[in-house]
Amino acid sequence: MLMLLLVENSEGVISASNYLVGLGSYDITGPAADINMMGFAKMYQTTSGIHSRLRARTFIVAEPQGKRVVFVNIDACMASQIVTIKVLERLKARYGNLYTKDNVAITATHTHAGPGGYLQYFVYIVTSFGFVRQSFDALVDGIEQSIIQAHDNLRPGSIYVNKAELLDAGVNRSPSAYLNNPAEERSRYKYDVDKDMTLLKFVDDKWGPVGSFNWFATHGTSMSRTNRLISGDNKGAAARFMEDWFDQDSSVRKPSDAFKAKENPPRVSNIIPFVHENHCEFQELNASSQSSSSKPATRFMSLARRVRSAVRQVDRPAFVSAFCQNNGGDVSPNLLGAFCIDTGSPCDFNHSTCGGKNALCFGRGPGPDEFESTRIIGDRQFKKAVELFNTASEQLKGKVDYRHTYVDFSKLEVTISKQGGGNKVVKTCPAAMGFSFAAGTTDGPGSFDFKQGDVKGNAFWRWLFSLLKKPNQEQVNCQHPKPILLNTGEVKQPYDWSPAILPVQILRIGQLVILSVPGEVTTMAGRRLRDAVQTVLTTEASKEFDGNFHVVIAGLTNAYSQYVTTFEEYQIQRYEGASTLYGPHTLNAYIQEFKKLAVALISGQSVQSGPGPPDLLDKQIGLLPPVLMDATPPGVKFGHIKTDIPNNSTFKRGDNVIVVFWSASPRNDLMTECTFALVEILEGKDTWVPAYDDDDFCLRFIWSRPAKLCPISHATIEWRIPETAASGVYRISHFGSAKSLLGSIKPFTGSSSAFVVT
């Protein structure tokens with residue numbers, strides 16, 4: 001013991017911490033070409049470049065001699081049951097029984113701008129032409145690597161929790177359904193969406209702050225259904241802003257300092273000494289810096305030159321900040337409301353239509369375009385997170401624990417209260433989608449003549465979809481008043497269309513309790529679920545923390561089963577109600593099962609594992625054509641400039657610099673933890689230093705080709721110069737890999753002419 005104390009003292013660490021804490025982060029961007037995006041279910045919306053990279057961010061918290069929990073937040077539309085299954089298999093092979101289904105949670109931000117095709121149930125991969133192995137592998141690999149990083153970074157540390165309201169980052173997109181909840185219940189709440197952000201601050205005993213995770217309810221739909229650039233949407237933007245803010249100057253921790261920049265956040269000044277304002281000197285350097293011709297490249301070259309590789313201390317754990325989803329099922333980031341694009345008038349309140357047409361009703365704002373709206377909503381979450389991070393003082397103390405079970409939601413008996421007293425038993429139903437599911441939402445309306453709030457249906461569509469599987473009368477009665485459009489729970493060809501068996505999980509870290517829900521929970525549904533669990537915790541643990549637990553909902557976790565509304569919202573059959581798969585008692589089923597887990601958690605009881613979900617990986621069908629080959633016109637090489645910057649050009653901050661390269665399919669090399677695009681600044685006479693890459697909000701990598709199957713393609717790189725960019729000489733570079741007709745893949749790179757920023 002004396003020797004151990006001496007070793008600790010020699011390292012400057014005397015830990016009074018209750019926990020071991022480790023964080024990790026890894027690239028999960030996936031294929032940036034040709035893949036249908038997951039979320040809006042529009043077949044034309046395929047990936048064609050990168051607005052921002054997607055990441056898996058992980059924290060692990062462990063008692064030194066006890067239990068541990070793993071929480072992974074992925075920039076994806078939702079968690080996938082088959083992804084979770086395969087990640088757990090890899091963790092078992094690597095760590096034995098240290099990390100299992102019981103103590104690992106994988107949740108998603110709900111961006112609608114990521115590659116699809118990674119879920120195992122058929123209905124969710126129709127628009128992606130089936131299963132996309134590249135999307136799936138990028139997720140499984142990245143999640144595993146982020147967990148490995150977090151495991152390797154485990155050190156004594158402390159965790160602090162903080163909570164406050166964020167008022168201007170979400171509105172209710174289905175207010176007519178919300179208003180059907182009891183008036184007495186609604187009167188207990190000031191808003192028709194939850195405004196609370198709950199944040200955890202992780203502090204390493206040696207290194208100080210190493211990360212933060214927060215939960216806040218708003219949809220990842222600031223980027224629209226016409227966008228084709230991979231993007232983490234508003235939560236991905238917020239995470240990038242906060243991580244870069246911390247890296248910018250670890251000695252500065254005042255919110256006022258973080259908010260001074262007009263563009264969030266700068267890093268160039270940390271990479272190189274500030275370049276003096278000497279325009280003549282810049283022009284001389286510019287003249288001596290010629291455009292580099294296309295040349296072979298390696299992924300190592302790209303990796304070594306990435307911006308964040310240059311900024312980060314080698315021996316210090318990277319700061320990881322995750323912005324997680326909460327009960328945001330009916331919460332839209334399009335703050336200005338829904339308007340008709342033909343007249344500019346507000347949409348119909350009950351049905352979100354314009355002259356009876358669903359497709360004309362869209363949510364707006366807050367920015368003039370989707371990129372600015374993404375930045376604004378991301379910036380607001382970032383600023384609130386910084387405020388909570390800097391003022392967090394309540395330390396988590398107590399047990400690390402968890403409970404997990406699988407539940408068959410297609411036939412679950414649920415005990416509910418009867419009006420006038422007493423109880424009755426009801427049942428959930430096999431999964432089914434209502435007519436209003438096809439209507440979409442004001443964030444992304446559907447097609448044809450579907451509309452929200454439809455409790456009758458349409459004879460033609462009913463007949464057409466009954467050819468798949470006509471619901472029997474028992475199913476019709478069970479799902480009432482939902483008119484069934486797709487009876488997905490009873491369709492088994494070519495394999496299961498919807499899940500029946502779902503994971504239900506509680507994680508506990510001291511006085512924080514996380515409810516892992518495999519679906520999108522609406523505002524009031526989330527309030528009821530939290531209150532029910534809080535009541536159990538308060539009753540069962542009256543002597544611990546005075547029952548003062550922080551309960552957060554992690555929606556879209558471990559699997560995906562669409563929506564969870566209240567019984568009253570279900571009656572209105574807007575999009576969320578029509579997408580509540582297991583009938584009107586779905587929420588009560590979740591409340592019942594989570595209360596059981598909460599009782600077991602607090603009392604130390606074990607729970608039954610339940611029936612395991614199917615592993616359908618070997619049954620998957622993928623019809624997406626592969627990349628056959630890439631080509632360039634005669635006399636042109638991959639990486640050559642198609643449209644360059646004029647010689648001796650000078651730009652100002654706020655200008656948009658555009659370069660076009662002859663390129664190849666991004667599917668040949670995903671550039672994981674690398675970059676397709678790079679802005680470099682000249683240091684001295686001949687040293688180019690990375691300044692911005694394709695994970696920066698100001699830099700866009702746009703891939704295109706003249707025709708669908710054409711082997712010739714272009715990479716357009718747009719850099720909107722931030723207000724905080726250092727003056728100096730810059731160039732823009734592009735990295736990629738080309739596939740020959742024989743199947744070999746060779747990397748390439750090219751750079752633009754140099755230009756001056758003043």
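The backbone N, Cα and C atoms fix where each Cβ goes, glycine too.
The following features are taken from TrEMBL:
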- 19-592: domain 'Neutral/alkaline non-lysosomal ceramidase N-terminal' (DOMAIN)
- His110, His219, Glu520, Tyr563: Zn(2+) binding site (BINDING)
- Ser332: active site, nucleophile (ACT_SITE)
- 594-757: domain 'Neutral/alkaline non-lysosomal ceramidase C-terminal' (DOMAIN)
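Feature map: TrEMBL annotations on the structure.
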residue : record                   : Cβ neighbours (10 Å)
His110  : Zn(2+) binding site      : 26
His219  : Zn(2+) binding site      : 29
Ser332  : active site, nucleophile : 23
Glu520  : Zn(2+) binding site      : 27
Tyr563  : Zn(2+) binding site      : 26
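For the pair Glu520 (Zn(2+) binding site) and Ser332 (active site, nucleophile), the Cα-Cα distance reads 13 Å.
Note on the domain 'Neutral/alkaline non-lysosomal ceramidase C-terminal' (594-757): its mean pLDDT in the predicted model is 97. Ser332 (active site, nucleophile) and Tyr563 (Zn(2+) binding site) are 15 Å apart (CA-CA, integer value). Same-chain residues that are not part of His110, His219, Glu520, Tyr563 yet have a Cβ within 8 Å of the Cβ center of the Zn(2+) site turn out to be Gln325, Gly328, Gly329, Gly555, Leu556.
For the pair formed by His219 (Zn(2+) binding site) and the residue listed as 'active site, nucleophile', distance between Cα atoms is given as 5 Å, rounded to the nearest Å. In this structure, the CA atom of the residue listed as 'active site, nucleophile' is 12 Å away from the CA atom of His110 (Zn(2+) binding site).
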